[in-house]
Each structure stands twice: as C-alpha cells, then as structure tokens.
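Asks: If you look up TrEMBL, you'll see A:7-439 marked as domain 'TRAP C4-dicarboxylate transport system permease DctM subunit'. For A:27-46, A:67-86, A:115-140, A:152-176, A:188-213, A:234-257, A:263-280, A:292-316, A:336-364, A:422-442, the entry in TrEMBL reads transmembrane segment.
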Amino acid sequence: MVGIVMFIAALALLAIGYPVAFTFGSVSIFFGVIAALVELLPDPSLGAVTDEFLQMFSMMPFRIYSIMNNTILMAVPLFIYMGIILQKSNLAERLLEAMGTLFGKIRGGVAVSTVLVGTLLAASTGVVGASVVAMGVISLPVMLKYGYSKRLATGTICAAGTLGQIIPPSIVLIILGDVFQQPVGDLFQAAVGPGLVLVVCYIVYILILALLDKNVAPAMPPQEGGKFVNIQKALMAIVPPLTLIVMVLGSIFAGIATPTESAAVGCVGAMVLAALYRRLSLQIVEEAALETVKISAMVFAILIGATAFSMVFVYSGADYIVEDALTNLPGQKWTFLALSMLAIMLLGFFIDFIEISYIVVPILLPIADIIGLNPLWFAILIAMNLQTSFLTPPFGFSLFYLKGVCPPEVSTIDIYRGVIPFIFIQVVVLLSIIVFPGLYGFE
Amino acid sequence: KVRWKLAMSWSSTLTPLAAAAPKLADMVSKMSGGNFEIRVEGAEKHKAALGILDMVKGGQYEMGHSASYYWKGKDISSVFFTTVPFGMTSNEQYAWFYYGDGQTLQDKAFEKFDVLSYPGGNTGVQMGGWFKKEIASVDDLKGLKMRIPGVAGEIFAKLGVAVTNIPPGELYTSLDRGTIDALEWVGPGMDIKMGFHKIAPYYYTGWHEPGAEMHYLINKKAFEQLSPEYQAILTTAIKAVTADQTAMNFDANARAWAQIKAEYPDIKIMSFPPAVLKEMKKANDEVMSDYAAKDPLFKEIWENQKAYMADVREWTRMSDYLYIKTVEALQE
Amino acid sequence: MLIRVERFYDRLSRWLGKGLSFVLLLMTLNVFYDVIMRYTFHNSSVGMQEMEWHLFSVVILFGMSVALIEEGHVRVDFLYDRYKPKNKAIINIIGTIFFLLPLALLIFFGSFDFVRDAWEIGEISEDPGGLRYRWIIKGMIPIAFGVLIFSAVGYTVKNINLYRFHKDGGSVPSTTDGGAQ
Ligand code: NA
Ligand code: NA
C-alpha cells in the first residue's frame, strides 16, 4: 500500500518541476518517516521513530559507495565524453548527414541512421544512460536542424539508446543470468535475434511514418554535383567515425578491453580522430569535459535519488506485498505469461530493473519451471519487458536522461509522446517472441 | 517478541550459499515458538555486498552472513577464519575452530568491531581456476592476465602474473575474448552458472583456498540483549545450519561437476606442476612472513594454525587420503 | 549584497567545474593506460585500476553541485515551463529547502560513522597492490554532500535574486529553464 501511495506522491511532486533526483529523495524521506512509524506501531514514540528513520537512512552511504565502486558504471561518463567530442568536433553531425544523404529522396534517413549508430553503440555498452545520452548529444541537434519533428526525434533516440539493454553486452541480461542461474553467454546469444528484430521494426516504422507524413522527417536537401560525387563525399564522411565505433567494438571482440574500458578507447580514439580532422582544440576538450561532468552528475544524482526511493520501498515491506500477490499466479501457460508480463511492466513504473529482477523474477521461476517454459526464452521475454520499462513514462530513466541533454525547446511531454509508438513496437515484438518462439531460435 | 534482520553478502538467488540463512531464520523461529523472527535480505536489497561487517557493527542489521576474508582490508588477520593458501582442509579447520583455539582467536580478531563471528559453512576445496592455456612451467605464468583476488592474487603477482580486477558481470566476456587468460572463481557448484566451462579448456585444481569457511556475524550489543534461551537457540541454530551448508556445498559441487563433465567431456582437470607449486609456496611464505612481521595478531594466529595443522595432518593422511588410495587401487 | 553572493557561487562553480573536468580527463587516460599496459605489456596494477573508480567517484559526487548551480539537473517540465519566472524561483527556493536539503543533510550527517569506521580501523583495499587509506574515498561522500549543501544556499540566493528582479513576470532567458546545454 505504502508503495502505491509512494508512486502517486512521487508522480505529483515530480510534476511540480523541481529536479527529478532530489524530488525522488524527498519522497523517500517522507515515506521513510511513515514506514518507521508503521514499523513501530502500536506505540510509536517520537524518539523511537526518529531512531528507526535515521537507522534506515544510515544505509545511504553504503548504497552510494556501491554506486561509486561499481566500475561498470564508469561507462556512463566515458561514453558521454566520446559522444560530446564527436559532436563538438562536428564529426557526428557529418556522419549522420552523410548517412542521411545516402538515402537520397527517401525521407527519414537521419532517423534511420540514428537507429543504426545506436545499434552499434548498443553492442559496445550495456549501461542505460550511457548510450541514451551519447545518442542524444550526437543526433538530436542534427535531426532538429533538418526539421524533424521533436517527437519522432526524441522517440527514436530513446528507443535506439535503450537498445543497449537487449543487444549484448547488457547489465539487464547479466543480472537475469544470475537470477535464472543461466550462463550469461547463453543469454547474450539468445538476445541477439530479438534485438535485431527490434532494430528492423524501428527502421520500418520510421520509414513508413516518413512516407505517410512528409513533415515529420524531411529528406536531406539535395546537394550540388552528380549522384556519384555525393556518394563518394558521403562515404568519405562516414568512414572515419564509423571506423571509430567499429574500433570500440573491435577492442572488446579482440580481447583488448572490457566493454567498460572500450569506452575509454573510444574517447581517446575520438580525440585522435578530431585531431586528424583539425577540429580538436583545447577549448573543445575542456568544454566537452565540463559538459560530461554535468551530465554524468545529473545521471548519478537520479541514481542516488532512486536508490533512496527503492530503499524505502523495500523497507516499507512493499516488496512482500508484491511477493504475496505473485505467488498465487495461475498455472496455465498463457494466463501465467500474460499476468507475469503485465506485472513486470506495471512494476517497471515503480522500481528499477535490479529490484524487479531479484524480487519478482525468483517468484515467477518455480511456476515457470512447473509449466515447463524454456528458461532462456522466458528470460529474454523478461529482458525485453524490462528494457521497455526504461522507456515508459513517467519514470522511464531513458526519458529523464534524454531530457537532461535536450535543448530547452524540447519539453518532457514531447519526449513522453515521442516514445509511445516505440513502446508499441516493443510490445508487438515481445508478443511475436511469445507467439512464434521458433522464429527467434527458441524451442 | 524479537525481530532481527540478517544481511547476506550475496543475492538471494545465489544457491547454495544463499540457501543457508533462510534455513537459520526458519530454525530460530520454530525453536522460539515464533517469537524470534529473523528477516533475511540479500545483496539485491541492501546493495552493499561488501558492507556487511560495517552494517552489523553499526546496527543497521543485527546479523550478517558473509566471508571473513572480505575484511582483509580492515584487518589482515581475518583471512585465517576463511582459508589461507596451503592451509587446512575443512575437516581440519572445523576441528581447529571448535576444539583448537580457532573460535577464541576469531573472537579476539573481531572484538574491535563489536561483533561476534561464528563459522558459517564451508565451500570445501576451491578450484584453482579456469585457464585458456596450459601452465607447464613458471614461465607460463609470466604476463598471464588473470582475475584472482586476495592473498592468492598476491602470490600470483609475485610470480609475474598480471592480476586484473574485472567486475563479475564482465568476467565471461573478458575470458571469452581473451581480455584475460584465466580466472579463479569458486568450485563447480558456483562456476557452472557463470558458464566458464564453455570457453576455457583447462580447470586447475586448488591450492590456495583448501577450505573456505563462510561466517555469521552478530552485533554484540543486540546479542547481549537476548535472553539466555534465545542466545542458546541462535548459537545452536548457527552450528546446525553451518554443518548443513557444508553438506549442501559438497552436494552442489559434486553434481555440477558431473553435469559439466557429461556436457563437456573435453575439459581437462589439471594440477599445477610441482615446480610451479614450489614457487607458489615460496611466495606464500614470503607474503605471510611479511604480514606476520607487521602484525602481532596475524603472527599469533598463523603460528597457531600451523602448529594445529602439523598435529592433525597426519590423521587426515591416514584416514581420508589413504582410504581413497586404497579403494582406488581396487579398480586397477 | 545578494548579487555578490550569487557571483561568488558562479565563480566557485566555474572553478569546481574546471577541476572536475580535469579529473574526468585523468580518469579517461587512466582507463586507457590500464588497457594498454595490460594488452601490450601484460602488466596490470590493481592500484591503478582502483584509481579509475576513485576518480570516477569524485566526478559524479562533486559534479552534483556544479550541475545544481548551472541548472544541469533534469526536471519534469510540462508545468514548470509555463510558470512565470517569479513562480519558477519560488518552486526552486521551496524545492531546495524541502526536497534537496533534507536528503543532503541526512546523507551528510549519516555518513560520518561510515567514514570514521574506515579511518579508525585503517581500512585499505582488500586486493593485493590496491590503494590504501580507504577513509579518503569514503570521506568524499560527506565532503561532496557538504559542498552540495553549501551550493544549495547559493542556489537559493540565486533564485531569490531571480524573484526580486522579475517582479513584472517578464520572460526569462531560456538558458535558465533547465537542460544541460
Ligand atoms: Na548492449
Ligand atoms: Na575463490
């Protein structure tokens, strides 16, 4: 009960417009007091409640410290820094423009290119925030410059940036591997198909939308010179930054760097590349670093606020209520699947994917086992579902992260509306995995 | 009515390790007629796997289930209550804990943290790790990139290994791609879930963690507030669940290995050659002597363990070792 | 007077930002260096690897203050966008006092024991060759939240100024509307 009230309170307070990170924190403080009070019923003296409450919040330094020494999260500033260097040196813009030019008169080229670049980035990081922000920095200005609708542009970036969760490597899959007691490698392999299908569906959607409405995603303006010259020019612009991204990926595959470290390779690579194009200056390095500091701090402030939020959620016993509700799920395959997917999607509004993975999934597992569901298949369904939770308004983290790097004329509402079609696509692909597991290589 | 909370260093799904504390809670509840409840929380809830000692000390949790050598950075002597390279087997170590000076020394080491510490289940001999290439000589170790924490890592570093810290989530990819050449985890029961057997052909036997003991931590003040009956209930349940966990670990390892062997018959079980082990032993003695020179408590426990081991090893040899040897001779 | 205070905070934030940018660059080079050393020279230093997340922690912890003063924290703005500047200032003042400060104070005071434990016991890294003096990095938590509390005062002053000089409810430059750019 406290959990649901917490959710509604957070929603109302967020709407006021004070920074998200601290609003989360304040909601958790308020409900922390209530939880302490409830814990001490029937005789809650003021002193005892205060003690209980302070005891609860004395957990915060431990949680913050865990965030600090979680080296996988270093990917966030590193990726953002790479993205901003590429953007400030105009290399990203030229990459996307050139890719867009290759589409000729076909509309939607830059958005499709964004999805493709997002796919490549997704293959080199599994941290939410890292790729969303990098994509936001790289491609939002370009799409807005060429007259794309704000909704399509932001929706595309959120969706493409969140692909990192389903396309390996991915933190979601690593955690599910732990919960499902399945080797991470197997999960990674199983996720490739669904991830790519998602990419294709995004692209098809963008192309169809652009075909139907000529204002949402205009074609690149025609350039002088013959078609051949254009293609040559385009390739010239595409190759270097693309090489960089491939280098980042390559450093993982060749065993040079771990996925997190590969982002640092990318940063140095981006600087070298910018220098080669004579676009690197001390000023760019400095400005990019400062922006990275601010954006990373924005991302981590949200994580710290959210960790206070989930701490109180767990402390108030809300997780046990969820457990009780789920333990009684029915044993027929389709009802079970429908209800469990729905439950996870709903919980995605409240709590982060780590909590869902560890609190909810273990309850579902024994039932899934009895029904005889293929664990890999079930894990991928959950992963897709959790990935969607990063996109769902109002609390989807991707939305906040993108908002944090948007120019002021793009509002939260634009982003909320922009992702809705992509959420539909996610749901459709999810359903297709449920109905046609064979297509994705599941038994 | 008493309500306590217990924090585990691992997530609630990490069996067999995580299965013990809930059993403990259940026993305590039943023995106290439901009046002594312990709520067990895994790392997914408190999110501070390596903060257990601090949290039990600070009173955020009354109890913890963890491994003593995680506190090596706080007190180097804590390694002895888990396991040390070339040290005792789990049988020997339990005898030391309960009938030698083990528990007394453990109390002495943990006194400054205001917590009580008790043995909490043994993993048995841990495996030496998964290797992508064979280690035939000391030279093969030079420049080898390996993930291995703790004292064993120190020893390997002395032998020229590039000891690398990689978070668990990135280990599989790193070993697969050759970012590292080898890694040490636990034993088949836990390793099987990480899937290393699919990508590394050599599984080396152990030398560095011959009997890793987990431990239960109790906030001293909270314990002293319990009635003598509840104190007895708790300590008895801890001892029971400790034995249970050791058996559970043994079972999990044996079964997991049978499964790995059936699915991947080509995996080679290897032992480090004597020449390599000799260097390891030498490095180990150096590392341990260094610590002993700086820390009197370390020295005291080390000498106590060595003396005890010298007393009991002969019996281990005569009993378990020669029994297996005798029976194996039958098969020839 | 209040304007002078605001300027002081702006300067402070600029310097802090510069310092943190430098730390970020160090972190990037640190990670890159570790990759090269391991891959090319088969040489790893656990201390250097730990230095990575030490630098990372400094960036994210102290960056919160820079982001606050320079409006880098993200908001849900569908209502906020429509407020008059005066009302925005009020929201920010009230929000800082009732949302930000309680959390920051709780973490600030709540982390003393956490740091003291590490200091008293002389905690060091649990890995061979790791960094010593764990209390330093743990101490960054109260220090960073102390700086955040201090910055919150400046942010409040800034919004008081905003309130005072926008009595007519005119439009405010869009750069103060949020967004990190
Ligand atoms: Na990914
Ligand atoms: Na081990």
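Just so it is clear, glycine is given a Cβ too, placed from its N, Cα and C backbone atoms.
Show me how these features fit into the shown structure, please.
Replies: When Cβ-Cβ distances below 8 Å are used as the criterion, the transmembrane segment (A:27-46) is approached by residues 2, 5-6, 9-10, 13, 52-53, 56-57, 305, 308-309, 311-312, 315-317 of the same chain, each at least six residues removed from its ends.
Through the fold, the transmembrane segment (A:152-176) approaches residues 72, 111, 114-115, 117-119, 121-128, 130-136, 139-140, 143-144, 182, 184, 187-189, 191-192, 194-196, 198-199, 202, 206, 209, 216-217, 252, 259, 353-354, 357-358, 361, 379, 382-384, 386-387, 390-391, 396, 398-399, 401-402, 406, 410, 414-415, 417-422, 425-426 of its own chain, all at least 6 residues removed from its boundaries and within a Cβ separation under 8 Å.
Residues 106-108, 111-112, 115-116, 119, 122, 152, 156, 159-160, 163, 166-170, 173, 376-377, 379-380, 383-384, 421-422, 425-426, 428-429, 432-433, 440-442 of the same chain lie 6 or more positions beyond the ends of the transmembrane segment (A:188-213) yet place their CB under 8 Å from a CB of it.
Among residues of the same chain six or more beyond the transmembrane segment (A:234-257), those with a C-beta under 8 A of the stretch's C-beta atoms are 82, 86, 91-92, 94-95, 97-99, 101-102, 117, 120-121, 123-124, 169, 263-266, 269-270, 273, 276-277.
Long-range contacts of the transmembrane segment (A:263-280) within the same chain, counting only residues at least 6 positions beyond its ends with a Cβ under 8 Å from a Cβ of the stretch, are 74-75, 78-79, 81-82, 85-86, 89-91, 124-125, 130, 240-241, 244-245, 247-248, 251, 256-257.
Beyond its flanks by at least six residues, the transmembrane segment (A:292-316) meets 2-3, 6, 10, 19-25, 27-29, 31-32, 34-35, 38, 56-57, 59-60, 63-64, 67, 73, 76-77, 80-81, 84, 129, 133, 350-352, 355, 359, 397, 400-401, 404-405 of its own chain at Cβ-Cβ distances under 8 Å.
Long-range Cβ contacts of the transmembrane segment (A:422-442) within its own chain (Cβ-Cβ under 8 Å, at least 6 residues beyond either end) map to 155-156, 158-159, 190, 193-194, 197-198, 201-202, 205, 337, 341, 374, 376-377, 380-381, 384-385, 387-388, 391-392.
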Asks: Taking all residues of the domain 'TRAP C4-dicarboxylate transport system permease DctM subunit' (A:7-439) together, what is their mean pLDDT?
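Replies: Taking every residue in the domain 'TRAP C4-dicarboxylate transport system permease DctM subunit' (A:7-439) and averaging pLDDT yields 84.
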